[in-house]
Amino acid sequence: MFSPSICFPTTILQIHPSYSTDKTTHKCKTYTDNKKLHSFSAQFDVSANKETQLSCYKHTELEVLHDITSCSDVSVNSFVADSSLLGHLLQSSSSLKEVEILHAIVLKCLRTSTIFVENNLISVLVKFGRLNDARKVFDQMPERNVVSWTAMLNGYLRYGLDDEAMNLFAEFVRRGMLWNSKTYVCVLSMAGRNCDFELGKQVHAGIIKGGFSNLILDSSTVSFYAQCGDLESAFRVFDVIKRPDVVCWTTMITACSQHGRGKEALRVFLQLFSDGFDANEFTVCSVLNACGEEKELKFGKQLHAAIIKNRFRMDVFIGTALVDMYAKCGEIDDARTVFDGMGKRNTVTWTSIIAGYARNGHAEEAIRLFRIMKRRKIFANNLTMVSILRACGLLRALPAGKEVHAQIIKNSLQDNIYLGSTLVWLYCKCSENSAAHKVLQDMPIRDVVSWTAMISGCAHLGHEYEALEYLKDMLSEGVVPNPFTYSSALKACAKLEDIKRGKLIHSSISKTPSLSNVFVGSALINMYAKCGYLPEAIQIFDNMPERNLVSWNVMIVAYAKNGCCGEALKLMYRMQVEGIEVDDYILATVLTACGEFKENIKSNSKYFLHPNSP
């Protein structure tokens, strides 16, 4: 495997007893005796510590070591390379050139394979992104240990090659290799990224059974459960960690924020400080996101004040999080102030302010900022496109929407499911039903959002038959409706007074959790009432676990338009008693529908209402 004819650097030859000082000799002098040469490590002062030796060696010798790979006129059969030194040199390599030189030394100077050196070689090749070279070293190893497998597995995961990582892991398991804590960390990371809950749970069981426990491993377990959305399990693991670090705290805060539990994220953040920890910039970004989702403006402003006082370093990520927080809390002027004051902005920053303007009813400014963004050649990501399409839809700005659509096609983004769904919504908003249909048909994958956008758009535009046909097509593709789909389809049935299809939809809803959704309940009441089935509407209303203003209004109008004026007025009274304000529109609707009936009601009746009554 190794060449019997080896050339050594001049500096090493100079300290050997048989080195000739003849000025005319070649720097790679030939040895003809059989004296055993010293190993590399013998050339150092044994009194010096390892760090000093490595530093000295790297700066004075490594540039010369490439001679080993290029000279072949020296025959030294007894040279032995020091595997320990090579391993440590590999660990401290700072450039790919150094790694290549050391790799050559390993191939030419090591007489036998050494797991320690080859493991370090795999790790450093992974570090510099040379995964193919690392895999060649791994495959050629006559013997591998858990470190070899873990180093290669970590490399695949680091560069997002999850399929290769999974195949390697499967082989690792088949061979019955023992795990170490780093292996557990790698596999948990892989399970979390792929939301492979069963694999992650089995790994966690193995950790407990094997008695493994350290902060990195425990934090990885918390992160796995958080990525899979099982916050209860994440908290159970987190609560038994004796001294979680700020990374572990941030993992929990981020998980709560991303899974709609913003209040809990803020609670954990306060607990972090009470336990004597300082948050970092990543923690602050997650908390600001929670403030935005929960509309906790006061909390967000307190964090902003702490940032201004240099409690936390203001960077583009925190600035972006502040813009997003203010925009989500409806404080678009404050969001703009932060945006304008930022020295550096990225795509996410621009997207946050554009989405903020669109969300707060300032679609014109959103479109203006998007045009500025384009002029400055700032990359617009999918979320930017979604936000600007929403702004165009709100303004019914069809030309601007078509311009964005053209840009999406130019950038080959039309297959993106979120952009496709938003385009369907945009064209429906602009009464371009045929264009919406074409976008939907061209989408390679259609999810419930895209189908619902089409169904809702048709129902809104007065194309009720088409809406129900799209529902049928959606079901035939195996896509499960959500509450918004059901609500839109029921509105179409109500307009058509199609009780047969309405009942079929109701039957389907009864088998799903959507039955308890307040919007679905309201749509069912409206459908039955419009079709003249008042008892069914009353039953739905009475069985609703939650009612909103729409539910009350729909039921009151249903009573009034079906001639049950007394019941309508009683329900209005009951509505007021429960603290829900009766608006002028519903009062006018009921009193108009019950014009003759109200003349028979005495003014002192407990059911007689006034528009401004408390």
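Every residue gets a Cβ built from N, Cα and C, even glycine.
Look at the repeat 'PPR' (145-179): DSSP puts its residues at 26 helix, 0 strand, 9 coil. Taken from TrEMBL, the feature repeat 'PPR' covers 145-179 (among others).
What TrEMBL lists as repeat 'PPR' is 245-279 (among others). Within the chain, the repeat 'PPR' (245-279) has long-range Cβ neighbours (under 8 A, six or more residues past its boundaries) at 215, 218-219, 222-223, 226-227, 229, 231, 234-235, 238, 286-287, 289-291, 293-294, 296, 299, 312.
Taken from TrEMBL, the feature repeat 'PPR' applies to 346-380 (among others). If you look at the repeat 'PPR' (346-380), the same-chain residues 6 or more away from its ends with a CB under 8 A from one of its CBs are 316, 319-320, 323-324, 326-328, 330, 332, 335-336, 339, 387-388, 390-392, 394-395, 397, 400, 407.
Annotation source TrEMBL lists repeat 'PPR' at 447-481 (among others). The average pLDDT computed for the repeat 'PPR' (447-481) is 92.
The repeat 'PPR' feature in TrEMBL is assigned to 517-547 (among others). Here the repeat 'PPR' (517-547) has long-range neighbours at 483-484, 486-487, 490-491, 493-495, 497-499, 502, 506, 509, 554-555, 557-559, 561-562, 564, meaning same-chain residues at least 6 beyond its ends whose C-beta is under 8 angstroms from one of its own.
Under the heading repeat 'PPR', TrEMBL lists 548-582 (among others).
Across the repeat 'PPR' (245-279), DSSP classifies residues as 26 helix, 0 strand, 9 coil. For the repeat 'PPR' (517-547), the DSSP counts in helix, strand and coil order read 23 helix, 0 strand, 8 coil.
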